[in-house]
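Participant: Have a look at this one.
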Amino acid sequence: PYRLNILLAGMNPFYFHAVNVILHCLVTLVLMYTCDKAVFKDCRLAFVTALFFAVHPIHTEAVTGIVGRADVLACLLFLLAFLSYNRSVDQLYVGEHFPPTASPFFLLLSLFLGTCAMLVKETGVTVFGVCLVYDFFSLSCNGLKLRNGVIHQRSARQPVASPSATLQVAPAGRENGKHRFAHRGTWGSCHPASPAEPRSSGLSVPSKAMWAIQSYLTANNNQNFLYTARPFLKRAALVISYVILVLYFRFWIMGGSMPMFSEQDNPASFSPYLLTRFLTYSYLLAFNAWLLLAPITLCYDWQVGSIPLVESIWDVRNLATVFLVLVMTLLSLHCIAAFKKLEHKEVLVGLLFLVFPFIPASNLFFRVGFVVAERVLYMPSMGYCILFVHGLKKLSTWLSKWRITVLTLFALLLLLFSWKTVKQNEIWLSRESLFSSGVKTLPHNAKVHYNYANFLKDQGRNIEAIYHYKTALKLYPRHASALNNLGTLTKDVVEAKDYYRRALQLNPQHNRALFNLGNLLKSQGKKEEAVILLRDSIKYGPEFADAYSSLASLLAEQ
């Protein structure tokens, strides 16, 4: 996409940003279409979900920052792959099996789009997991639901003499022994013979969930599950095999190794204590959920001290983790309880879209290069918006007398989110406004002080730059680059040499510090030491042209 941008419009940044905004608009439209076809029965709820997604402030970094195009484009391909997979399954099938694959073309297209999403952004590969879970819990159950719904209707009117006699009363056309009904693929249950349904008034959500699981597991006593689920299992085997193949391909592209990160990128992953890593990772899940729920404090960089490590079980922040676990557990139980009876599937799709795309960024399977990154919440925010609108619908139903008030508050929330998005975009207008906002928002973050100091240094405002470099070192004394840059601004040669040596003690492969110290020793006539340092600078920074030039001039003098 970037190369195409350059071919069509050169290096003009306006067109890079314009393409990002266009992609965000496309994602919003496709999300509305997806919600209309696969989530909500009411198209107005799909529109409200898309509207809420469009103005959410958490998307500012992904849409405004040019590098965020990877997240936006991957999200678009994610939705297209999901829609293609749904199209490949015969949702009008009624029979004893799970619905077969109606269109191999759309199934292969979903694999292709999912692969493109993964190549754009690693999180795109999670669409295959979403498709399979949605297939099993929603698409594959619709056929069984309708089939058994026909049986129940028939049995309510007259005794059933045989399975063939039962199937003859289906009020629909017959094609190759398969019955088809024009329905919209509602979220319903697989209703084979099951335990008597308990009355909902006297049961809690966990009790309903346990009853749903029990009735589902005991529903097909007279049928072999593997035989019944054969069409789904074929699709699952194809998708899983393909995912293993593309993940191996992706790993091969990366040279057979995972990216290397430093401690300042993700401090928790470098902690030697398992409890600290577990508690911090768990709290970060709650923190990301809070950013989606209330995007009040937003920053372009959350590294180096932005979120202190959770080192004790008595840390009050663990309450946020417990609360998140409680909420997710209740949502999951509600989803399971709805498996047998509820006609909507907002909770299922909302949880899938919220959880699956965030798994690669959760540190569960491999180390990531950030503490919190707002851009990686672009895809999970779809699930949050679906769950939010579903909750809003429930709330307006429960508070029918106050429905106007609820809708008015939601309209105010949309306006508030829109205002916050506009203000965040103003922050991204220039390098100075972006870096200065980081210092104001997260003054305890060493990285934002370092970035702002780099900007001040480039502007020739050396006194201010020295202040922010020193502030960064107070917050994170192991910041080798801050020590190196501080040495370049120090007029005292002895003090500058000390900064360079301290930087090299922290990072012996810091090619800039090697270069600066080599030049300083060169100016003092210590040419042999200077040659060694400059050669090391070239060794650890092969594309650092200044090191070659300085070494060449030094060798020429000899």
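Cβ coordinates are placed from backbone N, Cα and C, and glycine is handled just like the others.
Taken from TrEMBL, the feature domain 'DUF1736' covers 256-328. The feature repeat 'TPR' is assigned by TrEMBL to 446-479, 511-544. Under the heading transmembrane segment, TrEMBL lists 14-33, 66-85, 105-137, 232-253, 274-298, 318-339, 351-370, 376-392, 404-422.
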Participant: Under an 8 Å Cβ to Cβ limit, what residues of the same chain, 6 or more beyond the ends of the transmembrane segment (66-85), are close to it?
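Facilitator: Residues 1-2, 13, 16-17, 19-20, 23-24, 26-27, 30-31, 33-34, 37-38, 106-107, 109-111, 113-114, 116-118, 120-121, 123-124, 126-128, 130-131, 134-135, 357, 375-376, 378-379, 382.
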Participant: Using DSSP, tally how many residues of the repeat 'TPR' (511-544) sit in helix, strand and coil.
Facilitator: 27 helix, 0 strand, 7 coil
Participant: Going along the chain, which residues at least six beyond the ends of the transmembrane segment (376-392) come within the CB cut-off of under 8 Å?
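Facilitator: Same-chain contacts beyond the flanks: 31, 35, 39-40, 45, 48-49, 52-53, 56, 58-59, 62, 68, 71-72, 74-75, 78-79, 123, 288, 291-293, 331, 344, 346-347, 349-355, 357-358, 361, 370, 406, 410.
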Participant: Other than its close neighbours in sequence, what residues sit by the transmembrane segment (105-137), given a CB gap under 8 Å and a spacing of at least six beyond its ends?
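Facilitator: For the transmembrane segment (105-137), the far contacts come to 38, 70-71, 73-74, 77-78, 80-82, 84-89, 232, 235-236, 238-240, 242-243, 246-247, 250, 339, 348-349, 352-353, 356-361, 376, 379.
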Participant: Looking only at the repeat 'TPR' (511-544), report the model's average pLDDT.
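Facilitator: Within the repeat 'TPR' (511-544), the model's average pLDDT equals 90.
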Participant: Same chain only, please: residues at least 6 beyond the ends of the repeat 'TPR' (511-544) with a C-beta under 8 Å from a C-beta of the stretch. Say none if there are none.
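Facilitator: Sequence-remote neighbours of the repeat 'TPR' (511-544) are 480-481, 483-484, 487-488, 493, 496-497, 500-501, 503-504, 550-551, 554-555, 557-558.
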